[in-house]
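Engineer: Please find one structure pasted underneath; my questions will follow.
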Amino acid sequence: MALEVLEALDSARTQWYHVTAIVIAGMGFFTDAYDLFCISTVSKLLGRLYYFDPSQGVTKPGKLPTSVNNIVIGVALVGTLTGQLVFGWLGDKLGRKKVYGVTLIMMVACAIGSGLSFGATAKSVLGTLCFFRFWLGFGIGGDYPLSATIMSEYANKRTRGAFIAAVFAMQGVGIIFAGLVSMTLSALFKAYYPAPSYHDNPILSTQPEADLLWRVVLMIGAIPAMMTYYWRMKMPETGRYTAIIEGNAKQAAADMARVLDIEIQAEQDKLAEFHAANNYPLWSHEFFQRHGKHLIGTMSSWFLLDIAFYSQNLTQKDIFPAIGLIHKDYQMDAIGEVFQTSRAMFVVALLGTFPGYWFTVFLIEKLGRYKIQLVGFFMMSFFMFVIGVKYDYLKNDGRALFALLYGLTFFFANFGPNSTTFVLPAELFPTRVRSTCHALSAAAGKAGALVGAFGIQSLTVGGELYKIRKAMIILAITNLLGFFVSFLVTETKGRSLEEISGEDGRESELTPTPNNRVQGSRTQTM
């Protein structure tokens, strides 16, 4: 039982439309990554601007209190988790396209709002900032299930994993861009507004113009989202949603024939077979019998991965000065600290983070998702354990080796579970609940990110060496757990989405189909 429109999508040659879809969906992830990670480049600047009291004669620059720092960093992740669940559910109920543009509108409005955060006191400014960053995260959250689902349903089965991974790889470009923009703007500001270091003059070391710098950095995140909105609205609904969920095979055939430039038969009469084989709800015994193990596997592996991945990215600003990769805060002026932090983040992202994403894109259809995820988790655990155990030596005598090991953890995160945990939920589940299941998996990941933002970051924010060491060992154990839960998922390369999910009513070693369900669908078509 197979619709011609679905077979046409699975067997279509790679063409310009696929590239366009990757770019349109990928620009959303570019924006997502920029907005989520640029805050790390300026969070220390916020402390200098709003939490410095010269009357107390402090010997170190102003610093965000741990609780405030965690909220500023983590509030967007709370919004992202919420947005994933809401938009993931809406994507299945209303259609992927109908809610796809809403996410971009929210990102544009809230990125600009973040930069315009207002108030006469530190509490009011940061309160306004947190408000806008929550709703920014809400819009970002919607992009996860929608982009993954749209790309998986457009792609052919030979290159589907590479296409989904390419969309997600734009996250790496966004992280690089966050560092590059912050580095470039801070260099320009520093050239025009030089200042002494904090050690030389605690008051003059914080330039008043720095208050404009962080706002511009945050608002620039609106630009790529604005550039993408028109093209998103031009995309048709996916053929799989139109045919299987809306029950309009004729419209699905017409839409896909236009974008793929081929002739496709509608075959409206076959839709009854798909409905007969898939009329069970998400929260049912049959769903968990057929897909429960995979859902537990995608949720748990993404949860454990994001504890480590977001801890790595969000705590770089604390680890770099502790290990001596950038100057101590009292040796720099406010804008100079932004520049050095951004430069270090840019270099790590360019040499460690970025290559890992694209290794996955080029090798995922050769090695498969399963192997890449297992190897990635294992190598991350190994390198973090070495850093934790040998931290004293690496800090004092092995800084180059530390930079190498730290970069390798980023490489294997992205040539590993950070990419595959995004790909697998978009492939393993039926069309009717694909967006929701991806949202549940991604939300579990963001719950892990919150553990990193509020838990692990609390260990590193003070720059205390023994706490950073403890954090690294905890993350090594977390990744090892991720290695073991990965055995709950399975390989999907080279198979159609309907074959993987059992959606076509056939038995599959990937998704067991109850005999009564198979017989029922056959009886109804006889």
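Placed from the backbone N, Cα and C atoms, the Cβ positions cover glycine too.
All TrEMBL annotations are machine predictions without curation.
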Engineer: When TrEMBL marks a stretch as transmembrane segment, which of 292-312, 439-459 is it?
Structural biologist: 439-459
Engineer: For the transmembrane segment (401-419), which partner among 99-118, 344-364, 370-389, 439-459 gives the most CB pairs under 8 Å?
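Structural biologist: The stretch I would name here is 344-364.
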Engineer: Average the pLDDT scores across the domain 'Major facilitator superfamily (MFS) profile' (21-494) and report the rounded value.
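Structural biologist: Taking every residue of the domain 'Major facilitator superfamily (MFS) profile' (21-494) together, the mean pLDDT is 87.
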